[in-house]
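Record features, source TrEMBL:
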SIGNAL    1-17  signal peptide
DOMAIN    59-251  domain 'Aminopeptidase N-like N-terminal'
DOMAIN    286-501  domain 'Peptidase M1 membrane alanine aminopeptidase'
BINDING   His357, His361, Glu380  Zn(2+) binding site
ACT_SITE  Glu358  active site, proton acceptor
SITE      Tyr443  site 'Transition state stabilizer'
DOMAIN    578-888  domain 'ERAP1-like C-terminal'
Amino acid sequence: MGTVVQIVILTLGLASLQHLSVSCTPLHTKLNAEDDLLNAEDESRAQLEEYRLNDDVWPTHYDIEIKPYFEPEPEKVAFTFDASTTITVTALKDNVKQIKLHKARLNITDWRVMRKSNSMLVGKVSDAYNEETHIWTLNLNETLLKNVEYYIVFNYVGLMEEDMGGFYRSYFKVNGKQVWLGSTQFEQTEARRAFPCFDEPRYKTTFALKLNYRHDEYQVYSNTPILNSVPIRNNRTLATFGITPKMSTYLLAFIVAPYELSTNDVIGVLARPEALNQTAYSVQEGLKLLKALGDWVDYPFNNVTEISRMYMAAVPDFAAGAMENWGLITYRESSLLYVQEDATSMQQQRIASIISHELAHQWFGNLVTCEWWDVTWLNEGFATYFEYFGTALVEPLWELDSQFVVEKLQTAMQTDGSLSTHPMTHTVYTQAQAAAMFDAISYNKGGVVLRMLEHYLTNDVFKTAVREYVKDRQFETARPENLFAVLDKHNANASAFMKPWTTQPGFPLVTVTSNENGVLLTQKRFIANGTDAEEKLLWPLPITFATKEGEFENTKPIIIASETYNITLSNVSDAPYFILNNQQVGYYRVNYDEVLWQKIGAALRSRGFGGIHVLNRAQIVDDLFNLARADLLGYGKVLDLLSYLKQETEYAPWLAAVNGLVTLAPRIHPEDDKLFTVGGAICEGQYLMDIFSSVYDYVQFQAPTQYDRRVHTYLRKVVLDWTCRYGHDGCSKSAVSAFERFHTIPTVKVHPDLRQVVYCEGVRKGSSKQFDFILNIFLTTNVATEQLLALQGMSCATEEEIVHKFMDLISSTNVRSQDKATALAMLLNNQHALAPATSYLVQNSARWAEAHGDYRFVATALGGILVRVNDVAIRTTIEEFAETNKDVLGHESYELIVTGLIQFENNQNFTMNHRDEIRGFLNEKAGSGAPMTVIYNVVLALMTLAENLALAVLVTCACAYVSTASPLDPDRYFLVEAEPRAQPEDYRLNDD
């Protein structure tokens, strides 16, 4: 399954606000009944082992027929479906008189068991259903014969709900009228809502599907092509699809919708008719990716003869980013449909990379399937790897290999640095536990460990081994041991290297200490909050290092498994630096002693960064922020080292930097905000504006050209977002001017790569008039990517009335269920909206709960505010609300708020514990740092200009020069390398 919408959290400390009054609408107790039931200590809850099916019988084939109703018909209710399912099973053991399988939310009208060979009925005694485990037990009065096939036949009625699970309903509008459709989402445990089944991935078998539908209104699609369609009465047709390959239940898919198809006979994109003109890119890109991935694996997708074409469908309501159903992949519209004039370069990349992720699953997940969700990484780790390195096969200019480091490796560490993290291979039983495995560990860390393995084995050996693994396990399930066994054939030590990274939680911190003979490496587990783990863990460390520019290209490591290890270097004291973990291939953080940090700092501040590879610069930036957060380095030293960013012009280090600033900014004491964030003239010395000033001049507020590197466009977006947000005068004026031009002449659109910043700044600096202008775009556009840009723009509102209007919008049906959490996350990125958002939630909690499903969503929103805010008045408002409404919120919702309150106090303690050091550094830089920075930048620019253009320039006032100089081509006077962008975690709380 693909990733959900990326959320970048950009925050700033709040100034003191007046205490907000607690004025609440009546709370709807009916919304939290299920919440209480799930969280009460209930002795009747099942034992963990009872959530798994036994091996008494094994399914070998399903015959399924579904007849949906989108409108009431005689004796039929709208949004229900009649269905029948026949499962062919075989008893694998003696004396089997029970059959256990899954069902959920199905009204079974009849069931029976018969012998396949002669249709003789097997007597039944009773049946029993466990609501908690979803396991349905069929009790028989005679024993099934071992290794003999039987039919289990069911007739039933199901529900097409709007929760985007099982066989659910969605809609789009044509001329203001709702047009209904039905689609499926069965991963991880939702197939049981459409048909009784053995709903675990290990039960791989074939499926034959029939759909009974109204042919005057709908078309039907499934994993395989239609074999035949037979008209029947009442304007209905019965479509029979080809038998699927042997596969798991979660991969079956079907759609009943008035869709149209755009195809090149191999790849087809299904979409509502009004969006068919947005499908060409995905058809073309999908075809290139499908061939490239098939060539890489050495297994063309249509070697599986049942899958003769690959359909990709854009579904208006879809909870995940995409789903890899074999032969019928489903997507959010924003993850598949593309219009060049209404999508950013990053949105285009996301569409391509999500397609690559899902197509990779055709081999890693569909052909070879994880045996159980405890090893989800066997599916999602490979798919994440190919999300980047597969896309890079067809888009080599996007520099995806370098983007991977910040987006996947560094963000995996954010999750994996917590004490509450879990190993990649992790025991699970319940539905909730299975769903929780679809996280940054299975996805990001899984892909990161595979990249690390690739560099250990070499690319050729890695590819050869993976190809063998796929062929060895085709049409079967897999455990890590199956992969390890193949790897060991090609490198006897491969599994010994790989296994600890998959079975141990977390990752190591390697501390480097210089000595007379070289350097000493010491490893221990890294914990983000600075505590120590109870269990002492060691990893086989892949060690590479560089002491000069040319050595960063070596990524073939030696493996060190001991706690300490000495690297002998005769000239270490003469080396300009010692940097561990070339191109951050290894999954570990690095800290250095004082001498080595000084050398690294000097190199970073020298011309060309001392030849330090751009990915190692990104690594150093990320490590510095996190070492300070864990109290392993002082913030004064860290911020001083990070001042090198004044000369940085590459995307990867800057993305690592803003990810670190996201965490630090809300923890700055409110009285120190002006020193840290507030913009103004370049020479005034505010830290953020100081370090961003040169890179702003480099990227300029301008649309990208056809000659720009893709990552340069991404860098501009990051820089403009931060500089406009924190008061850069030039950025703000340019954005507001662009907004007003568009407002005056709406037919002349803002370039998509500037649009988010322009929309945001226009709303931030405007009034309800500007907000309503963007709201109208959101409500009227036919393009999902443009809807997201408009939603992001509206989330930048700062006035209470407008913030409340935005939250009313989120609570309405105009924002689809799939987008409500995204819209809230966007709003919580806006520090100035946190106080208005708090007042809205405490005054309109019932409305928010009704719109989102229950009070857990109220609690999640308030918890998200608490982890971002440092204003005690807001904390008090939320605390009083929680206590006043404790009974109606329910246990889980109340505890979510309590967790947020604890995090607030932790953040307050962090702020006070580090305030003196941070303030001291900021005061020192405010007094002397900024002017020197400007002078350095000018001198660097002049030196490079002189080399390239042989110009002689006289400068008398550095500050005046920087503020008045005419724009020059940035590539003329800055050194350029190459890099990326991240996908930070959502707004749920952690335990730091």
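Here the Cβ of each residue, glycine as well, is placed from N, Cα and C on the backbone.
Note that the coordinates shown come from a computational prediction; the quantities given were computed from them, not determined experimentally.
Recorded residues Tyr443 (site 'Transition state stabilizer') and Glu380 (Zn(2+) binding site) have their alpha carbons 5 Å apart, per Cα-Cα distance. Looking only at the recorded positions Glu358, Glu380, Tyr443, the densest Cβ neighbourhood within 10 Å occurs at Glu380.
Cβ neighbour density within 10 Å is lowest for His361 among the binding-site residues His357, His361. The two recorded residues the residue listed as 'active site, proton acceptor' and Glu380 (Zn(2+) binding site) have their Cα atoms spaced 10 Å from each other.
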